[in-house]
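Inspection log for the structure reproduced underneath, given as structure tokens.
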Amino acid sequence: MNSKTSNNIATGVIYFLVACVLAILVFLLGYILITGIPHVSWHFLTSSAQSFAAGGGIRDQLFNSMYLLVLTLIISFPIALGSGIYLSEYAPENWITGVIRTAVEVLSSLPSVVVGLFGFLLFVVNFHMGFSILAGAIALTFFNLPLLTRSIEESLQDVSELQREAGLSLGLSRWKTITGIVLPAALPGILTGIILSAGRVFGEAAALIYTAGQSAPTVNYGDWNPMDSASFLNFMRPAETLAVHIWKVNTEGVTPDAAAISSGASAVLIVVILLFNLLARMLGRWLYKRMTATK
Amino acid sequence: MDEIKHDLQNPSKATHQDLFGKGITYLCIGFVSLLVISILYFITTRGLATFTTNHVSLWKFLSGTNWNPALLDKHGNPQIGALPMIVTSFSVTVLAAVVATPFALGVALFMTEIAPEKGTKILQPVIELLVGIPSVVYGFIGLSVIVPLIRHSFGGTGFGILAGTLVLFVMVLPTITSLSVDSIKAVPMFYRSASLALGATRWQTIYKVVLRSATPGILTAIIFGMSRAFGEALAVQMVIGNAVLMPHGLLTPSSTLTSQLTTGIGNTTMGTLPNNALWSLALILLLMSLVFNVLVRIIGKRGALKK
Amino acid sequence: MQEYDYNKTHIIDIPLELAMKTENLQVFYGDNHAMHDASLEFPRHRITALIGASGSGKSTYLRCLNRMNDRIATVKGKIMYRGMDINTKNINVYEVRKHISMVFQRPNPFAKSIRENITFALKRNGIKDKNELNKRVEESLKAAALWDEVKDDLDKSALALSGGQAQRLCIARCVAMKPDILLLDEPASALDPISAAKIEDTLMELRENYSIIIVTHNMQQASRIADYTAFFHMGHVLEYDVTEKIFTTPQIKATEDYISGNFG
């Protein structure tokens, strides 16, 4: 076979492979949206789930997912920010930093089910928290921390060294230089990182089934006292999320319309995550423009 | 004059701010490090209990093919052979990587060598979307599309390693692709120009020059993909069949380490042998994750030496 | 490149009031001895230029003067300022940098508005009064000859300024802190000739009130603006004298070769 023919064949094969991947994605999204959207109705979004009867909704699961996401970000962002600043700004070049970097890498590559089991062992069992939103939020924090830390570190690293020198040469402390100059300049990147991590957290289930639990007790959406056990804000109640719900109705198989619920719930999940992705892009671009624009 | 002298020789607000800032960030990173240490410690001690407290032999655990921790066999030993799950986990992982790699390389080459601008513009979002789809959704589609498809085409239940492989292949595709793109992009431009100037075709250049020099990076990408496949729990659990049997082919129901863990932990009591045995499975997962990490490092070092 | 005798130097003492001086300053990057025994005196309210080929150590030396090298190098020897050695552990570097401020080679405005670029550090140093802040903004921008160009756009992003404007903003930012000494590290080298000329004019004006030490590889620039000039070569200061003498009757062979364009 001469080189020209093999060149053409190889190019053809690459085009074919790319087409396959595109087809897979189109199929996935198409399948979820086409089978799912018809099941998404106002009723579906606003009524509670049914275990043994058809026609259940996903109100509580949707709320739980959102609530867990917010709690997770509240806990993980400050820690990730501190760690990201340490790694980018303060970490000296020595073996301790090497060990810490390895630790972060190990944490990010741990299977989420292992992280979930650790959360289960430590908080649900040892600390007697039981299956609770708090335990779930902490497990998700562990899952989220290394990824968020890394993205914050990278955003900070992208800020030119000149900015730091400028701040320091004016007699500002390192800390003020970082928080007042470097951090604002890195903001678009950091926000994009947060929103993308929010998408991951929102769809995560394996870390949650043994921490936040697999049941969604009826809660009172009018009760704003987080200490109250019936309140929707209560930290200590079990809280099945949307992703866990999809897994559960499919594996337990006692709900008659499991397929319909799963496709509806998957569609909602995907739409929310797509929105997160879109939002991340737009916000990043908008902030960047605002910072460099002539007002 | 003396005032300036005093200022210069004494700590100021800035000094305190810096101490404060350092303190806070050290605390954060300390927390993260502590977290990693405690995860390793807790999972390890729990996972070893099967062998230290229940005196199960490690060899039997790794080579036994019967998994029924609650029951004793005819010699009075607990039946905890994890081999079926280990074999299944490795099978789906390797198969998924084998299927995904050509696709990933095709997409990566398209994005870097064939149509860099257009390719990136179209395929970058494709990769990001594939990453963004949650694993339960992959599992659900596997369950409602792939499993019936296999059932109709090949008979049987449709659950099994093949279904697991097909689901995992799509899930690891974006990981392998994006890391391959990075490593192919890192190949210096003049390698390509030199090869093309010598009269090589584009494919010869890609095959003999670009892929050759990107090999360590691509291997790393594949290992990262395998690491993701090995640790994936719910998507696999939904399509693998969850029967703890030695797999006799790609079509019989079986069980991976992760699927057994997710199904089992809730049904066993803390501290009992069946429960301890599950933690031992978790320990295998943890150790494998570390092994993948080490492999990536070794390849990284080798690759760096060659250059 | 020719080897020169680094033991043969010609370094004068300054017969004027001093802004600062160094005694036997040495810099090490790890094992690399980047600067050998530099002892120089800098006069108050004059411009001193540090010249030499790239890699001669002039920027390294300059960055020591307000301790910007702290994190990347080991600096030995004395840096005397107001009768104190400021190269010691117990000196508060943040205070040092308020008095000895630095402008860098590449313009580095903050990703903030023009006004905030100037007020940011001022506010952090306890100046809260709005009138005072506005006054400082106007004064410093005038001092840096930028006021007329930007006075209507103070709230626009500083990143939208041209390179020359941005560099003058960086000078204004330092001037607003009312430092004692201004260190400039090749401030005009990244700019076009017209912007560079504006920077030179600005420096000549600032000379009235500030002691200025400027690193430059542009010999014309040094001869135009500097009162005194030091010649650096391979990590040694070989000659230091009145600028005119350096350029007309250099005492050292290396200096002569450099200014006549034999290397560098």
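Every residue, even glycine, has its Cβ placed from backbone N, Cα and C.
Keep in mind that TrEMBL annotations are predicted by a computer and have not been checked by a curator.
Quick caveat, the model's predicted, so the values are computed rather than measured.
Copied from TrEMBL, the annotated features are:
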type	residues	note
DOMAIN	A:62-280	domain 'ABC transmembrane type-1'
TRANSMEM	A:12-34	transmembrane segment
TRANSMEM	A:66-87	transmembrane segment
TRANSMEM	A:99-123	transmembrane segment
TRANSMEM	A:129-148	transmembrane segment
TRANSMEM	A:178-198	transmembrane segment
TRANSMEM	A:258-280	transmembrane segment
Intrachain residues whose Cβ lies under 8 Å of the transmembrane segment (A:129-148), provided they are six or more past its termini:
64, 67-68, 71-73, 75-77, 79-80, 83-84, 104-105, 107-108, 112, 115-116, 118-120, 123, 193-194, 197, 200-201, 204, 207-208, 210-215, 234-239, 241
One stretch in A:66-87, A:99-123, A:178-198, A:258-280 has more Cβ pairs under 8 Å to the transmembrane segment (A:12-34) than the rest, namely A:258-280
Under an 8 Å Cβ to Cβ limit, what residues of the same chain, 6 or more beyond the ends of the transmembrane segment (A:99-123), are close to it?
83, 87, 91, 129, 134-136, 138-139, 142-143, 145-147, 149-150, 204, 206-211
Same-chain residues at least 6 beyond the ends of the transmembrane segment (A:66-87) whose Cβ lies under 8 Å from its Cβ atoms:
97, 100-101, 104, 133-134, 136-138, 140-141, 144-145, 148-153, 155-156, 178, 183, 190, 194, 198, 201-202, 208, 212, 232-233, 235, 239, 241
